[in-house]
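S.K.: The structure follows.
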Ligand SMILES: [Zn+2]
C-alpha cells in the first residue's frame, strides 16, 4: 500500500517577499512600475505550478475505482503535461501515455489524466515522474500491469543551449504483464505518432 501524503499550506505573503528579494538581487528595481506586482504574480504562478503537492493522487484514483470484469488493455494517450525540473525550476513539458490491464477494477479515464497532472505539478525529474505515475496506478488499482511512457522537451536544455534544441527525452516504466515484450509492443504501436 501507499503512505498518505501530508498536507502543506504555503504562505503567499512570504513567497512574495522572497520573489521581491530575488528581483532585487538580480539587479532590478523591484519598485519600478512594471515589476511592482511581479512578486505576487510569480508567487501565485509558482503555487499553481506546484499544486500537485496539495492533492493526493491515490485518493483521486480511489474516488473513481469501479469493479469491472474488463481485462483488455486500457490506454490513455497524449496526455499533455507541464512540469518544472527540480534542478533549474524551468519547465519541461510534453505528453504522457498510460496503459493498464485491469484486474477486476477500472478507474475513470479522466482520473488517469488527473494523476499525470498532479505528479507533473511538483518539482520533478522526468524519470521519477514516470515511475510515480506507474506506481500510483499499480498501488491503487492493482492491475495486471501498468506502463507509462513520457515524452518531453526540457527548457533547461533548450534555453541554456546545453544540448540539441529540439531533442525529446523519452522515459518509460512498467509492471506486471508489460514485462512481456509483446505487450509493450502492442502499447507502443498504439501510441505511435508524430512529434510533440
Ligand atoms: Zn533542468
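Using N, Cα and C of the backbone, Cβ positions are placed for all residues, glycine too.
According to TrEMBL, the record shows the following:
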type	residues	note
DOMAIN	16-191	domain 'GTP cyclohydrolase I'
BINDING	85, 88, 156	Zn(2+) binding site
S.K.: Secondary structure at residue 156 (Zn(2+) binding site) (DSSP, helix/strand/coil)?
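M.R.: In three-state terms, residue 156 (Zn(2+) binding site) counts as helix.
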S.K.: As a test of the contact definition, list every same-chain residue at least 6 positions from residue 88 (Zn(2+) binding site) whose Cβ is closer than 8 Å to its Cβ.
M.R.: 156, 160
